[in-house]
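According to TrEMBL, the features are:
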type	residues	note
BINDING	B:G239, B:P240, B:F241, B:G242, B:S243, B:G244, B:K245, B:T246	ATP binding site
DOMAIN	B:16-77	domain 'ATPase F1/V1/A1 complex alpha/beta subunit N-terminal'
DOMAIN	B:119-201	domain 'ATPsynthase alpha/beta subunit barrel-sandwich'
DOMAIN	B:219-440	domain 'ATPase F1/V1/A1 complex alpha/beta subunit nucleotide-binding'
DOMAIN	B:448-550	domain 'ATP synthase A/B type C-terminal'
Amino acid sequence: MKEYQTITEISGPLVYAEVDEAIGYDEIVEIETAQGETLRGQVLESSEDVVAIQVFEGTSGIDRDASVRFLGETMKMPVTEDLLGRVLDGSGRPIDDGPEIVPEERQDIVGAAINPYSREYPEEFIETGVSAIDGMNTLVRGQKLPIFSSSGQPHSELAMQIARQASVPEEEEGGDDEEGSEFAVIFGAMGITQEEANEFMEDFERTGALERSVVFMNLADDPAVERTVTPRMVLTTAEYLAFEKDYHVLVILTDMTNYCEALREIGAAREEVPGRRGYPGYMYTDLAQLYERAGRIKGREGSVTQIPILTMPGDDDTHPIPDLTGYITEGQIYVDPDLNSQGLQPPINVLPSLSRLMDDGIGEGLTRADHADVKDQMFAAYAEGEDLRDLVNIVGREALSELDNKYLDFADAFESEFIDQGFETNRDIDETLSIGWDLLSMLPKDALNRIDEEFIEEHYREDDSERKVVEAAD
Amino acid sequence: MSKADTTDAVEDSGVIQSVSGPVVTARDLNARMNDVVYVGDEGLMGEVIEIEGDLTTVQVYEETSGVGPGEPVENTGEPLSVDLGPGMLDAIYDGVQRPLDVLEGKMGSPYLDRGVDAPGIDLEEEWEFEPEVEAGDVVEPGDIVGVVEETVTIDHKVMVPPDYEGGEVVAAESGSFDVTETVVELDNGEEVSMHQEWPVREARPANDKKTPRTPLVSGQRILDGLFPIAKGGTAAIPGPFGSGKTVTQHQLAKYADADIIVYVGCGERGNEMTEVIEDFPELEDPANGNPLMARTSLIANTSNMPVAARESCIYTGITIAEYYRDMGYDVALMADSTSRWAEAMREISSRLEEMPGEEGYPAYLAARLAQFYERAGYFENINGTEGSVSAIGAVSPPGGDFSEPVTQNTLRIVKTFWALDADLAERRHFPSINWNESYSLYKDQLDPWFEDEVADDWAERRQWAVDVLDEETELQEIVQLVGKDALPDDQQLTLEVARYLREAYLQQNAFHPVDTFCPPEKTYLMLTTIQTFNDEAFDALDAGVPVEEIIDIESAPRINRIGVQEDYEEYVEDLKSEITEELRSLY
Ligand SMILES: Nc1ncnc2c1ncn2[C@@H]1O[C@H](COP(=O)(O)OP(=O)(O)OP(=O)(O)O)[C@@H](O)[C@H]1O
Ligand SMILES: [Mg+2]
């Protein structure tokens, strides 16, 4: 392997070096500084006599005398089942004082695209135990469902609650004791604070979840460019465990906003023509190459389910980061600052939230026959109540009809009883739907125009004594 | 380039000078614009997009990781083409017409590997050819010389390629042939097989483009009822994420009364394509009960697949559509999403360091969009048959803001505009097509068809519905300020009628087994039911019945259930008389 001491330019995270041999695009590079430190990077552009290298750890410490080695291969990740239970840095090096990792395979971290023909459509319900999700925006195995949040909101608590509680009811009934061991969580932190990281780690340790988890940590003070590698490491590990070792993998990526900032930084350093608000024009494609690594594959047991978390700058979902994400993922869950300040836990606003794979994942044999109708009706009723809240501020409750008043009551009860369950409560789907019926029964029967008459007959509570759950729970 | 042509002659070869993502430059390559080339040791497929002195720039349709300077580039000397012939229906392709099922087999992996190629149609499969000409007949370019049964639904017409001269038929035999074999011989030595090639960036010729006068009936109430598209028409569906573009496109692919569907998944989700692949073989074609896949050709270049192939997938799709049009079929092409196509252009353009136009898109964005939609239309083909290509493009504006370049340039071309609305989607009003903003410029030229085929007061009734909805929009502004009860009785009643229009007529649940498809007759009957309620209710009001009592009648809410009724005719008859009776009993 040839060594060069031919660096001609250092600019932001980029280094340019002259070469006299052919260097492959995307190849991995090692740069050794005068102080003997070894940094890693990747070829961003290769031409006959000069290459542009993006350095993961940042370029500080590099000078013209640093030596550059091209490793002749693209970036690989050593994978093995033994990764479970381990804590790694953002570049995949162990930081937990555990034993050396002996890889079973080394896989390219830029995963090849799954052939759409080879995919299997995701339709297995995952019970998260969170009513706002299970009842209204159901998650299924192999889905990519991000949490749209903003700074200072309890999105981490929500993600941890999901990671803790997520299960697939069917298999539990099958009495399959091994089921627990088939489930794995891969956690990828990008640019989060030490404090946030500690919270996650404590939760993992408290619940014993670490055993079936792999943790990748790129913290706020770690190099920004490394963040472009972390999620690819995470997903390579996830794909390996899911499609070669049959695990059902839940991937949590936080915070995608920091990832996108890193992309922007590299784009700026390369003096690219920027797209919207300074983010690179190829950010859609780049994000798609991460998010599309969720899914199921025909003939394989496992699955990769992704819950990326992003904090929307200015709580604005038209900002390029949430916007492009929403265009790629299969729905989104909104964490709402207003609901949070009202003390709702989790503060999920179901109205703009959406799960696009819900329709095929619910219903008879999957969740319950009345699920779709109940969901539709609750959406309609809550939206109606929400609208009326604005009006009631102006004209007062007396000016509204009896029915409108009922919608207002419904909206309040929906928030306090359905949504606000607490981060520690785990509700099964029956309980979630029962609360739904308790609430819908606040409305007159003939207002339930989205529900099949048969279901109304079966579930509508004619009077309060029939309310099933809330009474019992009190 | 012909992937079917096994003897691709290498015209010339050069060497890679630089690699940056999907853009590669080569030295010493003798090439023309748009020639297909094979790049690097692995022979990755690419297309020449710029020539400057000794440097040729190539966009590569596969990932370029690991490819480096010095590796060879070989020119095929032919432009990017598709293979046309039987076998394109019930198939699924990537953006350069490589069959994804064949690739899965060849690669032995669920992941898309590089450097693997396969012809767009199976070269070995045999088809039963039935000639429609005999020795002595004179045929011209485009003429149909025979048929093969391609699927249960579609007879594939074998045609003289448009670039042939034509002449007298010397021999034409029925029998079993593969697509490379000659089925008809002409006296000038030209041989017609079931296989043609066509460069994707060039429109197939036609004699004449005509004014479209037949609707592409979609089975979606708001489309057929308020904003119809013609066979041979163009439509855009812009909307923010999650507003229903893909569901609308899928609904059209399932229920539109076209002969052939070409569905182009351009830079969108893998699972959405999987859904089509899994569902369509099971779903019935409403026209004949056959599996839907039997009339469908799929092109899937998902968001994570190479961006250059995303740029070409639209062209691949429209060329296949034109080919079936030439057979005299009505083809509907859905492109989801044209914004991803435009972004692919932008990405390539910026790697070429071209001067960016608005929002970084290349200056030729508008021209490319126009060229694409211009390839749609109702045509008289060169063989005298009539056929159509309807083009329906989804648009994904950043931040849902319609003022951006792709939406704006599309709106200048297309004649049907189905504006999706985040607010409606949020309250689960589906399809969330905003009735105030949307329009169809085909409405008037399609009315005669609806009046002949469905009901002679079709246009009048529609106008009534539009008027009520307009009035509602105005009234809602007042309601926001003072509440509904402050309105006079007649206006309150109008709001109630409008509510039925919105909830029963405009909303339609794509996931309900019955409601998902609504024939125009049912669309019409639903509207007349609401109008019956309207007329009777206003009569009651005039007779002094308080508005609360009118609104409260028991039968009216059943209007909302017409959509889910299979035997809707009887239901509607009963409902109308019940509404009438109940209202008349109040005075
Ligand atoms: N006609 C409909 N009936 C019932 N549900 C619908 C309908 N249209 C849309 N939806 C709901 O809205 C969701 C989002 O729709 P869709 O996937 O078509 O959005 P989109 O506009 O294509 O978004 P993107 O731009 O992100 O691809 C669907 O998953 C479905 O739940
Ligand atoms: Mg879509």
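Cβ from N, Cα, C; glycine included.
Known features from TrEMBL, placed on the structure.
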residue	record	contacts (Cβ under 8 Å, 6+ apart)
B:G239	ATP binding site	B:K245, B:A394, B:V395, B:S396, B:P397, B:G400, B:A419, B:L420, B:D421, B:A422, B:A425, B:S432
B:P240	ATP binding site	B:S396, B:P397, B:G399, B:G400, B:L420, B:A422
B:F241	ATP binding site	B:S396, B:G400
B:G242	ATP binding site	B:A422, B:A425
B:S243	ATP binding site	B:G400, B:L420, B:D421, B:A422, B:L424, B:A425, B:S432
B:G244	ATP binding site	B:L420, B:A425, B:F430, B:P431, B:S432, B:I433
B:T246	ATP binding site	B:E268, B:E272, B:D336, B:A394
Report task. For the domain 'ATPase F1/V1/A1 complex alpha/beta subunit nucleotide-binding' (B:219-440), would you mind checking the mean pLDDT of the predicted model? Result -> 94
Report summary line: Checking the binding-site residues B:P240, B:G242, B:G244, B:T246 against ligand 2, those whose Cβ falls under 6 Å of one of its atoms come out as B:T246
Query raised in the report: What is the number of other Cβ atoms found within 10 Å of the Cβ of B:K245 (ATP binding site)?
Result: 27
Query - Tally of DSSP helical, extended and coil residues in the domain 'ATPase F1/V1/A1 complex alpha/beta subunit N-terminal' (B:16-77) - result: 0 helix, 36 strand, 26 coil
Query raised in the report: Taking the center of the Cβ atoms of B:G239, B:P240, B:F241, B:G242, B:S243, B:G244, B:K245, B:T246 at the recorded ATP site, which other residues in this chain have a Cβ no more than 8 Å from that point?
Result: B:S396, B:L420, B:A422, B:A425, B:S432
Report task. Look up B:K245 (ATP binding site) in the DSSP assignment and reduce it to helix, strand or coil. Result -> helix
Report summary line: Chain A contacts from binding-site residues B:S243, B:G244, B:K245, C-beta within less than 8 angstroms, listed by sequence, come out as none
**Report entry** B:P240 (ATP binding site) in three-state DSSP notation
**Finding:** coil
Report task. Helix, strand, coil: count each for the residues of the domain 'ATP synthase A/B type C-terminal' (B:448-550), based on DSSP. Result -> 79 helix, 0 strand, 24 coil
